[in-house]
């Protein structure tokens, strides 16, 4: 049945133009009649001629005989009377015309040395006005004719000679004329212009035969009665046929030229609007109703068009949608599905011998009873509907039953908008009553869902492969940690979080009955789950969930037994170690009086209140640790356990509700609030008075008004804060509102202060409410009222209620927020789509490189380290007391040596006597210093004081991301292996460093600092066994964190950057005049992705060299050098006077210095030709002094700029007014306008600084303790040339300028920097690797490539991929013109073709060795016949395999022996091993010594056989060689080859389905270096130690 469905793969697509012959050959009918029907039947030669196929049930296709379902449709054609332009190609036709000679059709220029593409040839030819052709021996090959200029007018082209643009000289070029020119173009010329002789010739751009699409493409609708509604295309084709017929008729009749021309233009119009009905400058073709017709192009374009609407994404079957409702008792991994949906959604299950009985029951139940089945598919392909004949159906193997969805089925659940991959996750269905989907509360945050009426979609997988992929890749529990910011996306929320805080307070005590009910609430059915896939499995002391551990030890024994909440909660935790602080923590509280230090050891909560910091979706919180160390399953159970326990506590023991009483502050607080507001009002009045009296001081960089507003804001905000804090303080500890804020489940302290004390200032566009009309905000305020009340300060709280005007202002502020959100959604949605399209095919290959579908390399190693962000945790490099902690000096400084008694004798002996070892230790220390610090080179170790002389490298100052959490691994080791003194040989430690060395610098530093010899021996005091364990765990973690090949990291990066954008603000408000007025949020993100040339706020951050950076005065001199200074900047005001007395003046203020000047005037000035108009500039003395220049310099500068024609004099430096007078020579135009223009150009003269730098602010860098300059405006190349500037640290925010000045690598760094600034500024965090991939995609081509249709969509990708983004039709037309061949390697192409896209699991090929198949053992039935006990059994997914050599296989008791509990299975007292176990009873019939197959003489069961001897060491339950943590027990270890009799590959502890040994788990890869033989240096040296330890540990039943 399935074999017939194997499809051929489309490997590539060839685009091209149809030649007229191809159209005629491929057509089945010549269409000549515009009518559709004749006498009630489709008319032959009409537009729905039956030869083209049919859409009507009543007819069959006359070409293929198919009916309306099976016939795909066949094309017809129309013979056009005259050639017509193809509207999509008119601009290209014009280009070709400009390339070739109008008369002889040769290319106008010599062909040598030009690349053969149309645009290149056209660029060279379009200016040539003579046909030159090739250079030959006897001259030129061209005809030498003068060439016309060609212009496009509407749908026609016009030719005229240069200079004769009048109507007489114009010649209309119709299709016929151009066709004749194109037909004469030679083959080599066509190829030279980029055409292809086989697929696209120039004359084919002109239509002579029109292809008619079959009726299937344009089906008609039959209305009631006999009316038919035809499709838009049919109408259009009818118009074409009509006008074509008229044109033919008139031409044959010899009608006047203008009539023929009119009909030709009409036909051209119809042909054009058939193809595209949105041509600029042309009227649209309309239907009778006035609606524009939908053309062919419109069908392809846009979101609803063919490409994006029907090929890239389709509507699917087996999907359901309904409202979602919360359910506190459903598991995190489940979704409650309404029964109605479960009956409709089916899964096709194949009938086998194992499930035939179950499926027969379902078939009998039928479609209306759940669980039942809807259809049966027989082997011959027949589908039987079970609604009718289900009683007589006999199932056979190979049939397929479409059974109902049942509880436990995997389904895909989704909420739109799907912004990141956690918006689609797999859940297990749980079929329930009612009509809504039920959802666990913690899973709402990744979906961004709430329950105010949201709807969600559910999809049912339809094959075992998709089911397996959902379960292994998309399951909720596997998505708990997001690769976006390497932290959990789910945490405990809402009431559970509130309850969690109350539950773990110090005063929560529970009696025996309550404890029992809480423990009962935690569903214990999963207590035998595997303990996670970390190597740490080896460390369990007893099982998780040991109830007695808690019940045996109540916190209070007398007078009654009471347990604390912390004790009971510990029951839900695995054996983890965690130290953290809760949100109320006060650093001064050293004694932990507030119980804010959370300490959990071995899964037992010792102290601390658990709130959002520990149990929420926080980095390094409990959820994060459980997921990383114990696996996804265990994390999901933590959620379920906590929720069930706390919900039971909140419903029955300690209920919680909030009422109006929680918002009322006490009378004392009310007084405090009132006085704070009263004081603020007084301060505001004083401020207004000061401003009116001009006593207010102006703040730097602000106008007077801005300074006033800034002062006011400070006062009003202070009032709100003071009243808010006092209100909070007054609320008691058990106030319910405060409880929620402290737990982190809802609200913040601002909310509390607004509800109880004062709502505060309302803002619009970041300022106070603006005046609306005639200087008021609302009509009942007086004019120019600047007080708080009038400008939107709300002094009431929500509790007391707002006044009408306060309410109005509050609504204004709220309205702005709504508008902002609405606009932002559209903007960020588009940004997200562009990002995904640009990065969609970036995929990690087998070699860890990231490449595009075409094989272009984006990154040599993904994220520069090859790790998957999901498994990373943040780590700090510890540099405190560096030398003391890391350097061992046994032969020098006494304080740096290791003392006797601090380590074992053996190690001390080595350290104190071995000089070679000391050299190695010196090298290790020097390497560390070199990697972590930048500073003077190391002369000899110990001479330099690292703390003083060196600076830690920037990268290690903040937290770095690493796959191992060293602190936690070491803490676990210390608690597990009872340690006293370090006894690991230093050589062995250094050897381990070598073994763990990776290509990742940061990781190497982390490994060598945390496992440095001195710290291992003194600080951690590890023994060899513990050290080996630590090394193994680190090794396994590093392997596990490697990125999986074929992961779609591009899409992941796009989502990770796009999703935070939806949280960003659209408009960024800032206080005016503060230096940090740079664009942020969505507008800045758009600037980065679009690579905008003109930024809104271009700015540079300029660091200065040592001498200028240290003092503010020195920095000011540089500020003056850089800031642009014009004449206007220095002037207080400027004026134009008519002052005809040249040697004197009418202006009284200037009399003195003018007369003084004219007593001794300059000799060479001719005063008679000076103008009577005078430009007078009054200069600001303060500015002159501030810029350090004098008035004479300004006058001299103006003189120099204006040249000899002007006369400039200035007043004395000490005069009251500093004045510069400028007169020009008389001009012909002596109007005032002339002088106004002259004055303006004079004011624009630049006296100093850089032209683009409008303003420079001085700021202080607190970390570096130096001053730097922040500019408004940029000129990077000039600034870097300034000797006082530290060019290494100076940065600009203009990517284009950086790329031009410093090159592409610098641009890449600055894209990263700018992205980080925007995302951090919004309070989000995105892992570095996503932004680095984005930056690489934007810069990999060597130039900046924006994420727009002009950037990424222009280059490299195939036509199909580009057309799926934007400009669909244009791209496809161009592809046909240049006969592009699109090879289907990318994602888009394969999705369009309906093929499996090469991504993720679809990118895996199976390599099969056919020769090995000859030796294969045939599959046997897993039932033993008495005579074949030793047949090898092959395991299939549907049968368990028990090899006879598997020691714990009992034929009579499968369940016990195959229990999944690790602890039970290997415990000597486990029933399946106990000699008293019924299944091992010697009298059991299956063990009867007389049973033929167990005859004592049977060779395979001979009691003397060494491998089956009960006393044989290989079967001793305490045998050391079976410890799963023993390093020598490696699957690839030679001594345990699968052929060894004592190692059974089918032994249950190595079952391929065991989650902890999943073949897909990265940490158990057979090629894993940590399991390779090279690890023997760890396993052999301490085998004996390990075995002793294992013996000790195994007796308590831990394995």
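From the backbone N, Cα and C atoms, a Cβ is placed for every residue, glycine too.
Summarising the environment of residue 71 (Zn(2+) 1 binding site), the number of other Cβ atoms within 10 Å of its Cβ, over all protein chains shown, is 23. If you look up Swiss-Prot, you'll see 61, 64, 71, 74 marked as Zn(2+) 1 binding site.
Under the heading Mg(2+) 1 binding site, Swiss-Prot lists 450, 452, 454, citing similarity to another entry as support. In the structure as shown, the Cβ atom of residue 450 (Mg(2+) 1 binding site) sits within 10 Å of 10 other Cβ atoms.
The Mg(2+) 2 binding site annotation in Swiss-Prot covers 450, 452.
According to Swiss-Prot, the compositional bias 'Basic and acidic residues' annotation covers 1585-1599.
Here the region 'Bridging helix' (804-816) has a mean pLDDT of 93 out of 100. According to Swiss-Prot, the region 'Bridging helix' annotation covers 804-816.
Summarising the annotation, Swiss-Prot assigns region 'Disordered' to 1424-1446 (among others).
Swiss-Prot lists 1464-1599 (among others) with the feature region 'Disordered'.
According to Swiss-Prot, the feature region 'C-terminal domain (CTD)' maps to 1473-1570.
Taken from Swiss-Prot, the feature repeat '1' applies to 1473-1479.
Feature annotation from Swiss-Prot assigns repeat '2' to 1480-1486.
Residues or ranges marked as repeat '3' by Swiss-Prot: 1487-1493.
If you look up Swiss-Prot, you'll see 1494-1500 marked as repeat '4'.
What Swiss-Prot lists as repeat '5' is 1501-1507.
Positions annotated as repeat '6' by Swiss-Prot: 1508-1514.
The repeat '9' feature in Swiss-Prot is assigned to 1529-1535.
Annotation source Swiss-Prot lists repeat '10' at 1536-1542.
The sparsest Cβ neighbourhood within 10 Å, among the listed binding-site residues (61, 64), is found at 64. Under DSSP, the residues of the region 'Bridging helix' (804-816) split into helix, strand and coil as follows: 13 helix, 0 strand, 0 coil.
If you measure from the Cα atom of residue 61 (Zn(2+) 1 binding site) to that of residue 450 (Mg(2+) 1 binding site), you get 54 Å.
Cβ proximity to the Mg(2+) 1 site centre (mean Cβ of 450, 452, 454, cutoff 8 Å) flags the following additional same-chain residues: 324, 449, 451, 453.
Other C-beta atoms found within 10 angstroms of the C-beta of residue 454 (Mg(2+) 1 binding site) number 17, with every protein chain shown included. A sphere of 10 angstroms centred on the C-beta of residue 452 (Mg(2+) 1 binding site) encloses 6 other C-beta atoms.
Surrounding the centroid of the Cβ atoms of 61, 64, 71, 74, where the record places Zn(2+) 1, the chain contributes additional residues within 8 Å, namely 51, 52, 53, 54, 62, 63, 65, 66, 72, 73, 214.
When the binding-site residues 64, 71, 74 are compared by Cα distance to residue 454 (Mg(2+) 1 binding site), the shortest distance belongs to 71. Residues within less than 8 Å, Cβ to Cβ, of residue 74 (Zn(2+) 1 binding site) and separated from it by at least 6 positions along the same chain comprise 27, 28, 29, 51, 52, 53, 61, 63, 64, 214.
Residue 71 (Zn(2+) 1 binding site) and residue 452 (Mg(2+) 1 binding site) are 48 Å apart (CA-CA, integer value).
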